[in-house]
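All remarks here apply to the structure that follows.
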């Protein structure tokens, strides 16, 4: 709630946008605000709650360990002990998550599945960041990357650092051009990986 208060204060502080400022600029700015990391909030409520708030604020969904239902509404996030709800799966379909928000994932230790589908702000840096996070290197078992136009071979190859990855689906990624090289990289780095390619 406090976050939306801060955002509304910032919005109210805008008296007049320049004439050259179109709606794309405004929404880009707003998405950046939604992705901004509040380290005090992470400290106060824990990494899973803070990451849940970030993901839902940006239009993604989360599912917690021991639950079948996806959390889709920021205002209906469960309350209770901070260590009770651990993120097991993230579905970022059509969300506005971007690299500046990925520090929200630093403390996550139980994420097993990530789906990035039609994420227009996802770039190689996001996948590079995921591959650097020790906790996620251990926990992520499945990942799907679909219709993310800014992802290239460089970002996909960074996924080889997710050492327990068992399943990787890559579909409709126009920036990925060296399919055979990807296959070789993953066969070497993750021999037990099921790699499913639906690329042109």
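Yeah, the Cβs are placed from backbone N, Cα and C, and that goes for glycine too.
Straight from Swiss-Prot, the features:
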{"type": "TRANSIT", "residues": "1-25", "note": "transit peptide"}
{"type": "REGION", "residues": "1-61", "note": "region 'N-terminal domain'"}
{"type": "BINDING", "residues": "59, 93", "note": "Mg(2+) binding site"}
{"type": "REPEAT", "residues": "62-87", "note": "repeat 'LRR 1'"}
{"type": "REPEAT", "residues": "88-116", "note": "repeat 'LRR 2'"}
{"type": "REPEAT", "residues": "117-141", "note": "repeat 'LRR 3'"}
{"type": "REPEAT", "residues": "142-173", "note": "repeat 'LRR 4'"}
Residue list, the repeat 'LRR 1' (62-87) vs rest of chain: Cβ under 8 Å, 6 or more residues beyond ends.
45-46, 48-49, 51-53, 55-56, 108-111
Taking DSSP states H, G and I as helix and E and B as strand, how many residues of the repeat 'LRR 2' (88-116) are helix, strand and coil?
7 helix, 8 strand, 14 coil
Please work out the helix, strand and coil residue numbers for the repeat 'LRR 3' (117-141) from the DSSP assignment.
15 helix, 1 strand, 9 coil
